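Participant: One structure follows; several queries about it will come next.
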């Protein structure tokens, strides 16, 4: 709407511009700029709303977005951006606006409101605009600035809160989970993750997010809060996106980093305490262990605890009964030892998460090993401490009828355990284990074991090797 004048008029305006800008700057603190005694009237600037915070003022060559109402001295409106529901988006100070508007926008802050009085020679002069603006018309503009940036702008990251302990910072190829509030420069909200009750999860430095956010997340700590200001050429450019981010808009993200990891991360193990006495044996794959644990997210959100059940958790290490990262972190522990484990999602519940566990979440465990028992070799339910008797069947056949009943079998195995001659698989109901052993020996499933059916597993394995050979 604000067309420039002829080339001769433009040159004349450019020659007097430095002096006029200086006078305008000196008088800005009074809320009004008018160079008294100047040979020609300058733009009169009335700053009737000045925001408390003004991190940046409009300068020549900046790209601005603003709304305005244009009226004559009698209050009659001749133009308004509000009527078109479209902001003015343009570079200032390069002759694309009438000179009065170019000057009137200089030094303006986002959310500032000004009234500009533009004399004819800085507007449309003695010619005017046919059918719209008469010759020699003084123009009145009420302007609110909503955005300002420059093509030379880079991403700005401001740390709002950094935790005192920051062992690691975000870098390229890390996978980050964060919450954010997104606003335009004037404070208009366009999106936030909190409303979805779900973090935004993404790889950094891989092109999955806008370049400005890729850059702005670099160097962040877990738990850090930062403000990331992204110019449009590092966001959604001239076209914007959706119905909430207009073209050429500066975006502000207030970000809270919940956690991050790298796909190459192992389990991070930190020993919190060890028992004072010597520890000759530590937990290993195959061992049956009992342990207490507390599990939380890295932001402190509590998930699970064995203390809620008043009994330790029981597992056989290496039996795929718990997530891989926890299984690894419980190995090599002494009874009574306490550890902190940080388990990345690829060794926990992955991208999909689990009940109560968000997808791609890093888990924090505090574990204490309560007890440890040597496990049994794979496939064994019972092992002898010494070579078994050569008259094993006769020893089992308590009533000497040539058959071993379930009761006789159970009594015999329990006697071996009580006398310290052998042991059952730990962590299971002894009666259930003995019943499974009986079923394995009762090969024709007739409810009894004969001498021909009774075989040690070691003998069976040896026979199988011979058959394969």
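Backbone N, Cα and C define each Cβ position, glycine as well.
Automated prediction, rather than curation, is the source of TrEMBL annotations.
Copied straight from TrEMBL:
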type     : residues : note
COMPBIAS : 443-469  : compositional bias 'Basic and acidic residues'
DOMAIN   : 61-149   : domain 'PPIase FKBP-type'
DOMAIN   : 173-261  : domain 'PPIase FKBP-type'
DOMAIN   : 286-373  : domain 'PPIase FKBP-type'
DOMAIN   : 392-419  : domain 'EF-hand'
DOMAIN   : 429-464  : domain 'EF-hand'
REGION   : 421-469  : region 'Disordered'
SIGNAL   : 1-31     : signal peptide
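How about a rundown of where these features are and what they're close to?
Facilitator: Model confidence over the domain 'PPIase FKBP-type' (61-149) stands at 96, taken as the mean pLDDT rounded to a whole number.
Under DSSP, the residues of the domain 'PPIase FKBP-type' (286-373) split into helix, strand and coil as follows: 13 helix, 37 strand, 38 coil.
Same-chain residues lying 6 or more positions outside the domain 'EF-hand' (392-419) and placing a CB less than 8 Å from one of its CB atoms are 382, 384, 430-431, 434-435, 437-438, 441, 447-451, 454, 456.
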Participant: Other than its close neighbours in sequence, what residues sit by the domain 'EF-hand' (429-464), given a CB gap under 8 Å and a spacing of at least six beyond its ends?
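Facilitator: For the domain 'EF-hand' (429-464), the sequence-distant neighbours (Cβ-Cβ under 8 Å, at least 6 residues beyond its ends) are 379-382, 388, 392-393, 396, 402-406, 409-410, 413-414, 417.
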